[in-house]
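According to TrEMBL, the features are:
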DOMAIN    A:20-124  domain 'Fumarylacetoacetase N-terminal'
BINDING   A:D132, A:E205, A:E207, A:D239  Ca(2+) binding site
DOMAIN    A:132-415  domain 'Fumarylacetoacetase-like C-terminal'
BINDING   A:Y134, A:R148, A:Q246, A:Y250, A:T356  substrate binding site
ACT_SITE  A:H139  active site, proton acceptor
BINDING   A:D239, A:K259, A:S263  Mg(2+) binding site
There are 2 protein chains.
Amino acid sequence: MKELKCWFDIPQNHDFSIYNIPFGVFYTNNQKSTARAGAALGDFVIDLNSLFKLGYLSHIEDLKGEVFEKNKLNDLLSLGNKVCNNVRYAVQELFSNPNSKLKKHPEHLETILIQISLVKMLLPIQVKDYVDFYSSLDHAINLGKMFRDEKNPLLPNWKHIPIGYHGRSSSIIVGGTNFKRPKGQLCAVDSTQPTFGLTKQLDFELEMAFITCKNTALGEVISPDECSDAIFGFALFNDWSARDIQRWEYVPLGPFLGKSFASSLSPWLVSLEALTPFALPSQDKDVSELEYLKCKKNGLFDIHLEIYIQSDKMQEPFLISRSNYKYMYWNLFQQLAHMTSNGSPISVGDVYASGTISGPYPESYGSMLELAWKGNKPITLPDGSRRSFIEDGDTVIFKGFAINEHVRIGFGELSVKVLPS
Amino acid sequence: MKELKCWFDIPQNHDFSIYNIPFGVFYTNNQKSTARAGAALGDFVIDLNSLFKLGYLSHIEDLKGEVFEKNKLNDLLSLGNKVCNNVRYAVQELFSNPNSKLKKHPEHLETILIQISLVKMLLPIQVKDYVDFYSSLDHAINLGKMFRDEKNPLLPNWKHIPIGYHGRSSSIIVGGTNFKRPKGQLCAVDSTQPTFGLTKQLDFELEMAFITCKNTALGEVISPDECSDAIFGFALFNDWSARDIQRWEYVPLGPFLGKSFASSLSPWLVSLEALTPFALPSQDKDVSELEYLKCKKNGLFDIHLEIYIQSDKMQEPFLISRSNYKYMYWNLFQQLAHMTSNGSPISVGDVYASGTISGPYPESYGSMLELAWKGNKPITLPDGSRRSFIEDGDTVIFKGFAINEHVRIGFGELSVKVLPS
């Protein structure tokens, strides 16, 4: 990898290094009506719309300037990964080459660079279909142990098929958007007479989501090794879950209102290309994969994931878990290939979430359900309070980053506070 | 109800009577690029875009002409039911009043009326979220008897909660769009080693779908009696299902690829208002409803539903079942209220399907699974062949209509042929 250094100062270990250049949609308070595409670099947002209008991206083939004027990235992504990556390279060149065109026009920087603390972020995409997978082996085993059979926790299909379900796209919200504790039907385990009220078992699920950049037709199938062309990149994802609502409603057709009240996506989309140095092969499996799921490409990524909680009484967030995308059993290419294997079309702006990413150790679990083991091992927070589930006033923060001695590619944070109803 | 008579000839018992005026999106072969909004009347499509441009709808408050130029009805629906109904009334007046403005300008009819046999229909809406409910008691009991417990077929939650799940919006296709038999993971009942191949158990599900015409915000809740403002109307819906794919994949998160290869929506949307004369109260229930699901409005409709099959060798379709929307246990207002009860937003263009509508008699069941009772009672077709599931070359046709001595409100037909892979 070519060494790059930004010619303005970026603090060491910053998520938004010159190697990253994630895309998002932002606005500033004084220009609320003109949300537009941006890229994050250090503590700044690069206004891609201004960059284009000033001619700095005009050499990029097939790029149309109007894609940066929109309040969603769908039109940009629909140009495909080649064009999107060329935008990223252009930004890297403009800000790392000490003789770049931009460096020679410091008067343009006032328009192009905006302090990240001054912008508000929007949901970066118009979400088309949203799918949530269930692809972490440790998570599936943990839930099986809790709710099915301690000795035989996995269902027979789990190691053969990337289990998933369709979720609600309308309640996908961008990080920073808080929501009120939801209501739903609740029924005690030993009863069959439900009541309607506030969930008492609000939980998070630590996930990553990939976003597609391709439309396919009904009947079109994509193999795992072709999938990288159809995926733009990743964001952090919190699949908020009301365990008590979910438990009563989910038989036999799966999760519905126990999930659909809110799902949070982080504002910056990190490209697959930026994450390539951190790609890993799948782990050895004791069950052979069906041919249509076999994947030659490395589809796991060494992305460190962290979960923090901060209650209203705490001064700072408290780390409660560390996991990693490398623990996934089914990788993103296998998930997407499976999704299309029956001819179902995909669209630009589909969101495919990984499912809760739990690691093999108790301190790497990805949900309160697992971390507090069904309420049997509550977590004690620095303010002295204990948690089996999430309480009103709690802020849940996910962080994610890939790192080696040269490069850091981070996702920023996904931070959401639960408000009283 | 005021008696209306169209001043051009409409055959008696036509689905598209002057009382109906359903909306759709059509194009003609010589103007393929300009798909536009239309209304069906007898054997003609009324070009609503031309009607507006010629000034016949200019008296309607809050109506914007550009909504008729689109290839989807979402912008029209987003104007709300009051405006949409005013369009319907205007069309009724123009074509029933022998002294109407239009009647005095026969030279305009050439532009406004197009023979229905000459148009092609498009999917009438850009589908946002798609939900499939499971709200027919007889269907739930039949499936419970087949796969759970003959004596205790219903799960404990069924009579308390309108069970549903999110489905795939990208594979919703308009009636007349044929599709190829899908592939998927299949596993024999006595095995845990799946194979990948063509489904051997392709089935239809007789459903109706309602379409929303309102956007709500995260956290907004709608009561059952408020829901009629948020629903434009109904279409026929075929929730195609591959039973063998579904059986292996659906535990624990519900149907996924066994459904997502294709779901068919009929091209003409019939307004709730047109169906009002056929509204019925819910049947008496032996389980009391939770307060948030109680509904004063009549939310069932006396809509006759018919299923026909025509194989490649048959000259005409063969009737295999008659059902009715009045058999539903949960009505559309309760379904939508339930959907929003946790604060999940709805959008203009959401599709909410009823679930298979089976009646109480074997000849009123809504799927091959039930009609042929899990393959134990195959249906014999007029060409001598037998069916437990749908075969390549079969065309499945749904029809639906409400009728009394004065009025017929029909849906046309939803006809789809299954092609070999």
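Keep in mind that glycine also has a Cβ here, set from the backbone N, Cα and C atoms.
Automated prediction, rather than curation, is the source of TrEMBL annotations.
Since we're looking at a predicted model, the values are computed, not measured.
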Report summary line: DSSP assigns the residues of the domain 'Fumarylacetoacetase N-terminal' (A:20-124) as 43 helix, 23 strand, 39 coil
Report task. Please tell me which one of the binding-site residues listed here (A:E205, A:Q246, A:T356) sits closest to A:K259 (Mg(2+) binding site), measuring Cα to Cα? Result -> A:Q246
Query raised in the report: A:S263 (Mg(2+) binding site) to A:R148 (substrate binding site): how many Å between their Cα atoms?
Result: 26
Report summary line: Check: min Cα-Cα distance from A:D239 (Ca(2+) binding site) over binding-site residues A:Y134, A:Q246, A:T356 goes to A:T356
Report task. Output, ordered by sequence, the same-chain residues six or more apart from A:R148 (substrate binding site) with a CB under 8 Å from its CB, or 'none'. Result -> A:L155
Query raised in the report: For chain B, which of the binding-site residues A:Y134, A:D239, A:Q246 fall under 8 Å by Cβ?
Result: A:Y134
Requested in this report: Averaged across the domain 'Fumarylacetoacetase-like C-terminal' (A:132-415), what pLDDT does the model get? Just tell me the whole number, please.
Outcome: 97
Report summary line: Within 10 Å of A:D132 (Ca(2+) binding site) (Cα basis), scanning binding-site residues A:Q246, A:Y250, A:T356, I find A:T356
Query raised in the report: Rounded to the nearest angstrom, how far is the Cα of A:E205 (Ca(2+) binding site) from the Cα of A:Y250 (substrate binding site)?
Result: 17
Query raised in the report: Say you check the Cα of A:E205 (Ca(2+) binding site) against those of the recorded positions A:Y134, A:H139, A:Q246, A:T356; which is nearest?
Result: A:T356
Report summary line: Close in space but at least six residues away in sequence, with Cβ under 8 Å from that of A:E207 (Ca(2+) binding site), the same-chain residues are A:D132, A:L236, A:F237, A:N238, A:D239, A:A353, A:S354, A:G355, A:T356, A:I357, A:G366
Report summary line: Least Cβ-packed of the binding-site residues A:Q246, A:S263, A:T356 (other Cβ atoms within 10 Å) is A:Q246
